[in-house]
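Report on the structure given below.
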Amino acid sequence: MLLKSPDKSPEKILKLFDEVYSKARIFYLLRTAIDLNLFEYLSSFKTAKELAEILDADLILMEYMLKILNELDLIESKVVSERIYYKNAEITNIYLKKDSNYSIINPIYSYFENIKNWENLADILKNKSNCSNMDVDNFFPKVVRRMADECKCWELQKVLNYMAKYEEFKNAKKLLDLAGGHGLYAIGFSMLNRNLKCYVFDLPNVIEETKKFIKKYNAKNVFTITGDFYKDDIGKGYDIIFCSYNPGGKNPKIAEKVYNALNEGGLFINKQFFPDKEEGIEDYINNMEWNFSKPEGLKKGKIRYTFEGDLNLNDYLKYLEDLGFKILEVVDMSELLGLDENSSSFRKSANPSDSLRFKDNSPAKMIVAKKL
């Protein structure tokens, strides 16, 4: 046996593990950089020695860490008198510094928390029922804060500016942000149309977070309504109802409530994920992770971002038409978020495939429908 080679070389398997291991090391290096607040110290140029002293870190390891971050385009370098100096790249100052208005450090920490599930995958596989239940009362407020930090740095502005072109929006007097969470969309809409009164409807514990954002942005025309949209009345007389990434966003019963709550000629703007099929390993991994947890009170589907009673995109559009809506357009969110006439480098540095939520050929769509 010692002198006989196997029928196949181990190269493929070794290469697979080598590639995965390399990416895992980068992941933990990035986590360490954020945990150590490394980027907070690199607003101006510093040497590896200076940074090592500040962080009380090993100099050799710090030198390599900075070289790696430089290769990842998160920091830039210059050489002065044979010394290498490093400072944050512009995109790092925007998104990876705590004092930035567009910091996404909080959403990024969800990766660091979620990786623990993969480290304990054997336990989850064998004992899912014992470790998968999640307290919705604590879950949603935490998610709301992260979604606020995430959306305000790109998606929020893109959606607001896109919808501002509609005459129906310009003439609207009353808007409902249904299951609006942080309420940033309602706040933004109220800034674009000063005659618009906006209402954010969500669960009581979530609304407590909403109120903090309303106060932060001094949004005088934004108000809150507490309730469960599956069970409670959502009100009437709205000119616009806006819906974004919520569990009932593809549910026909919620769509009917929306129709009944809108004025004639009113707009229903619904931004949701409509996954229709699994297309390879990335979908398999995401869907597997989706099934790690089961928040109490939410009946999740097998596929990521789906829930019991959901309709697929085509069936949902047909249902809206049967209710009495006219579909004005269906916007591909990856295209909407991927266009920036002011930045030629956008597709390289901040395109949807690099964001926390979107990728090319994203199943996320924004439906704009009008009640006839």
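Glycine is treated like the rest: Cβ placed from N, Cα and C.
These come from Swiss-Prot:
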type	residues	note
BINDING	D202, G227, D228, F229	S-adenosyl-L-methionine binding site
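The structure, with features from Swiss-Prot marked on it.
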| residue | record | contacts (Cβ under 8 Å, 6+ apart) |
| --- | --- | --- |
| D202 | S-adenosyl-L-methionine binding site | A179, G180, G181, T210, T224, I225, T226, G227 |
| D228 | S-adenosyl-L-methionine binding site | L203 |
| F229 | S-adenosyl-L-methionine binding site | L178, A179, F201, G248, I254, K257 |
(message) I need the neighbours of the S-adenosyl-L-methionine site defined by D202, G227, D228, F229. Which other residues of that chain put their C-beta within 8 angstroms of the C-beta centroid, in sequence order?
(response) A179, F201, L203, I225, T226, Y230, K231, D232, I234
(request) For D202 (S-adenosyl-L-methionine binding site), name the DSSP secondary structure in the helix/strand/coil scheme. (result) strand
(request) Specify the count of other C-beta atoms within 10 Å of the C-beta of G227 (S-adenosyl-L-methionine binding site). (result) 16
(request) Tell me whether F229 (S-adenosyl-L-methionine binding site) sits in a helix, a strand or coil according to DSSP. (result) coil
(request) Please state how far apart, in Å and to a whole number, the two most distant Cα atoms are among D202, G227, D228, F229, the recorded S-adenosyl-L-methionine-binding residues. (result) 7
